[in-house]
Amino acid sequence: MSEKVIDVQDAWRDRALIDEAKYKEMYEASVSGPETFWGEHGKRIDWSTPFSKVKNTSFAPGDVSIKWFEDGKTNVALNCIDRHLATRGDQTAIIWEGDDPNESKHITYRQLHAEVCRMANVLRNRGVGKGDRVTLYLPMIPEAAYAMLACARLGAIHAIVFGGFSPDSLASRIKGCGSKLVITADEGLRGGRKVPLKANVDEAIKRLDKDLVDHVIVVKRTGGNVAMEPGRDVYYHEAAEQVTDECPAEAVEAEHPLFILYTSGSTGQPKGVVHTTGGYLVYASMTHQYVFDYHDGDVYWCTADVGWVTGHSYIVYGPLANGATTLMFEGIPTYPSNSRFWEVIDKHNVNIFYTAPTAIRSLMGGGEGPVKKTSRQSLRVLGSVGEPINPEAWDWYYRVVGDSRCPIVDTWWQTETGGILITPLPGATRLKPGSATLPFFGVQPVMVDAEGKILDGACEGNLCIKDSWPGQMRTVYGDHERFEQTYFSTYKDLYFTGDGARRDADGYYWITGRVDDVINVSGHRMGTAEVESSLVAHPKVSEAAVVGYPHNVKGQGIYAYVTLNEGEEGTDELRKELVTWVRKDIGPIASPDLLQFAPGLPKTRSGKIMRRILRKIAEDDFGSLGDTSTLAEPAVVDDLIENRQNRSA
């Protein structure tokens, strides 16, 4: 692991909301007196009925219950739109950048208010009210944000399904939450290609009971020719012409559900993660402000899709609650060229940029040229999200993208946590490439061993969280028992994250990957992230993924999939060189037993590597790869199978 330390630059400290001393003071207050701390910070949002109870939480076996600000009433849309109208009605709320670089628009807070009210009225006219579930299956267009906020305005519960999911996956999610209404688009656009969203919705509905979905609202994105079912389907623009742009907001209880978001479980059955209104918005807005050192007037861009939790918390709810200008991007980092991210930053003078390590690594493969031909002078803070960022990618991001003048906030959190839990703060935290560093306010990480014993000091183990924070998920939709079983049964009175971590002598946390991404080689535990970091540090390697496979002698062997930089050739000589490289870097125990050169890795459309598929291929067992509907490029898998290194079966 990297032991390089980057001190807080004077320029970061001088402009930051919080310095190191202030962080320590606030953190101490947040864990020693959470009621007082969150009682104060709960006032950062507006309440129609002020709360008097701050925290009412229990992680006790058989009695897991999480409530924050429970006697208060508020509305998320009021906080994200209406309260800003008097002071910043004409400020841009959303910059929308289309898949095609010639397509973009600015939406002010006043326009956002009108659009959200219009959408809410369209929903209300179709019987949607407080507590009803609405499924959104949309591309990254402004209507996705309008639909989220329209549901919130009415007290309805949105359940977004990422536009890359298959009709089967969509159907199971519509059924899971019992949505009577679906909002979609005729087609999506990604990297110049059309995505058949409406056709997928039609296929999904065919798999459901006839009387479940009553209405499908279709946003016209491409104007593509799609089938419309009379009496069920309506084009949004036609429905919107029939309603006004004024709609009262429903005050709801702090613990009223805001959204359900399905996330994959280790059993393969997706879990409906439930986030509620008050605590979630307090936490999303507070983390957005302090983690990104957000100042009034900053242009902020998170490259995620609203189909994932990062898009919920850090494209829509957190930024808009703070009156920010947030950028929504429909496209991909490599279309029409590898410079797209950096061109968008220059075009819109982006100050804060938040993306995933997988995007950074894929762009690294194309070299510095596409970055260096742009200015990027507006950038002030860089962020990373979605998986641990290996030190080499961190260094490239810092040096090449940020010209060594922007702090990187390497954020660790989960769908279940609602917001960022472990992260540097730009003006307060010395940085170590590859480390998520220190906990955010109110977050108490603990390290435990396999037996559940709490570990002190520098150590390696399983990462748990002691005590609740306002953004925490409340339950699994319709299955509270599964919630308790998944997160609270492994270690008593602790929230188990499912991730392994290392804590160093400075108290910094290094996330080593999912606990199921740990390989046991000859009785030694080896985090796959560590081996991957070592491989990616080699100058010829762009990306690597490491999994275990059954080994006659060691129990598990190490199987590495390696994607080389453009122009490099995968030879036997290079294979040996890479094995020696890892051996020297980490030690003989970490040497890959099998190494396969791969032109690409199987990824979901959100950029996550599908390790389950890699494990199956490494085990020479690819007859049942399971659900591959979320794969961005299915052809990648065929190549991996054809060139697999283990043919033992």
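Cβ from N, Cα, C; glycine included.
Database features (Swiss-Prot):
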type: BINDING; residues: Arg190, Gly191, Gly192, Arg193, Thr310, Ser522, Arg583; note: CoA binding site
type: BINDING; residues: Gly386, Glu387, Pro388, Asp410, Thr411, Trp412, Trp413, Gln414, Thr415, Asp499, Arg514, Arg525; note: ATP binding site
type: BINDING; residues: Val536, His538, Val541; note: Mg(2+) binding site
type: MOD_RES; residues: Lys608; note: N6-acetyllysine
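The secondary structure of Arg190 (CoA binding site), as reduced to three states from DSSP, is extended strand. Per Cα geometry, Pro388 is the residue among the binding-site residues Arg190, Pro388, Trp413, Thr415, Arg583 nearest to Lys608 (N6-acetyllysine).
Taking the Cβ of Lys608 (N6-acetyllysine) as centre and 10 Å as the limit, one finds 17 other Cβ atoms among all the protein chains shown.
If you take the Cα of Gly191 (CoA binding site) and the Cα of Val536 (Mg(2+) binding site), they are about 26 angstrom apart, rounded to a whole number. Here the Cα atom of Arg190 (CoA binding site) is found 28 Å from that of Val536 (Mg(2+) binding site). Ranked by Cα separation from Gly386 (ATP binding site), the binding-site residues Arg193, Thr310, Val536, His538, Arg583 are led by Thr310. Rounded to a whole value, the Cα-Cα separation of Trp413 (ATP binding site) and Thr310 (CoA binding site) is 9 Å. Excluding the listed site residues Val536, His538, Val541, the same chain places Glu392, Ser534, Leu535, Ala537, Pro539, Lys540, Ser542, Glu543, Ala544, Val562, Leu578, Trp581 with Cβ atoms within 8 Å of the centre of the Mg(2+) site Cβ atoms. By neighbour count, meaning other C-beta atoms within 10 Å, the densest spot among the binding-site residues Gly191, Gly192, Gly386, Pro388 is Pro388.
Around Arg583 (CoA binding site), the C-beta neighbours below 8 angstroms that are at least 6 residues distant in the chain are Ala590, Ser591. Taking only the Cα positions, the spacing between Val541 (Mg(2+) binding site) and Thr415 (ATP binding site) is 30 angstrom.
Neighbours of Thr415 (ATP binding site) among the binding-site residues Gly192, Arg193, Thr310, His538, defined as a Cα within 10 Å of its Cα, are Thr310. Fewest other C-beta atoms within 10 angstroms, among the binding-site residues Val536, Val541, are seen around Val536. Cβ neighbour count for Arg514 (ATP binding site) (all protein chains, 10 Å cutoff from its Cβ): 17. In this chain, no residue six or more apart from Arg193 (CoA binding site) has a CB-CB distance below 8 Å. Rounded to a whole value, the Cα-Cα separation of Pro388 (ATP binding site) and Val536 (Mg(2+) binding site) is 13 Å.
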